[in-house]
Amino acid sequence: MKEYVMLLLLAVCSAKPFFSPSHTALKNMMLKDMEDTDDDDNDDDDNSLFPTKEPVNPFFPFDLFPTCPFGCQCYSRVVHCSDLGLTSVPNNIPFDTRMVDLQNNKIKEIKENDFKGLTSLYALILNNNKLTKIHPKTFLTTKKLRRLYLSHNQLSEIPLNLPKSLAELRIHDNKVKKIQKDTFKGMNALHVLEMSANPLENNGIEPGAFEGVTVFHIRIAEAKLTSIPKGLPPTLLELHLDFNKISTVELEDLKRYRELQRLGLGNNRITDIENGTFANIPRVREIHLEHNKLKKIPSGLQELKYLQIIFLHYNSIAKVGVNDFCPTVPKMKKSLYSAISLFNNPMKYWEIQPATFRCVLGRMSVQLGNVGK
């Protein structure tokens, strides 16, 4: 249960907009989670996203002790310094701190020694500051850092020398234009990368930038991509590229991502998806193609036996064929659709044959008609 509480707290901290929980509620949640590890933990626990091993020594929340940065609240190895108008990282952060919350301040720069000695640091939250620079040696001693939140700042590049222990990096809404080749070198624990709302173009992703990295979730929405990047990790389970400038999806674009389960391409400029494209992602369960310029249902959907959700609303689709969604081979086993959205397309909905949706969970799973008309 403790690990889920930690996940909930960190998810709230990364949400947009952020509504800070009361200090009392935050303390109660963290007390349940932050008693899990200490400096004597072995490497297996250090490499766990949600450490569960109990400490060898009894736990004492260090708000029993006087050491705490001025104006902050310290409890259960958490240092909570958000919304204080800080212009720099405060001193006197206890060495055994597991989580530092510095969001919603006015910090412009992270210096080399700001987190020096925090060898147990697990999560660092720096969302919504004015960061333009992070020293390349800042994270050399934070070798247990698993979650780093840098969203809503003014960073022009992904920080160098990130800890190899990092599992989640969120750098949404910054000014990042390039992902350099060695940015994630050796970061085998990185599983989640969220970097939407950055002015990133396709040529800004250098060849080999993700080489050797096992990332499961990447979101590069609200950027300047004109096509699906080809050099992302083949381990991807989720790829979200919504709100870009992608106009076509070619056969080779998804060939590298055969394990993909969720694909987000909504709110682009897609007019054509090449035949056979979706055969390259046979495990996909959810596809978002809403708010594009498609004139027909993409081919190959009926062959995706795990596909359950397909969003095609707000396109230019004029016709739906009886076999566009469901298998034509009687013995083929396919998951039932739980959602097919086709509303706000210039089609004559009354002409769609009932058999078109023979592999749908129920009538409520299909959305037709023109909303607002």
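Cβ coordinates are placed from backbone N, Cα and C, and glycine is handled just like the others.
In the three-state DSSP scheme, C74 (disulfide bond) falls into the strand class. Counting every protein chain shown, the number of other Cβ atoms lying within 10 Å of the Cβ of C74 (disulfide bond) is 22. For C68-C74 (among others), the entry in Swiss-Prot reads disulfide bond.
Among the features that Swiss-Prot reports, disulfide bond is placed at C72-C81 (among others). Counting every protein chain shown, the number of other Cβ atoms lying within 10 Å of the Cβ of C72 (disulfide bond) is 19.
Under the heading repeat 'LRR 2', Swiss-Prot lists 120-141. In this model, the repeat 'LRR 2' (120-141) carries an average pLDDT of 97.
In the repeat 'LRR 3' (144-166), helix, strand and coil residues by DSSP number 0 helix, 3 strand, 20 coil. Residues or ranges marked as repeat 'LRR 3' by Swiss-Prot: 144-166.
For N275 (N-linked glycosylation site), the same-chain residues lying six or more positions away in sequence with a CB closer than 8 A to its CB are L251, S299, G300. The N-linked glycosylation site feature in Swiss-Prot is assigned to N275; the stated evidence is sequence analysis.
The feature disulfide bond is assigned by Swiss-Prot to C326-C359 (among others). Just so you know, the Cβ of C359 (disulfide bond) picks up 18 other Cβ atoms within 10 Å once every protein chain is counted.
Of all Cβ atoms in the protein chains displayed, 19 besides its own lie within 10 Å of the Cβ of C68 (disulfide bond). With respect to Cβ neighbours within 10 Å, the disulfide-bonded residues C81, C326 differ, and C326 shows the lowest count.
Distances between the Cα of C359 (disulfide bond) and those of the disulfide-bonded residues C68, C72, C74, C81 are shortest for C81.
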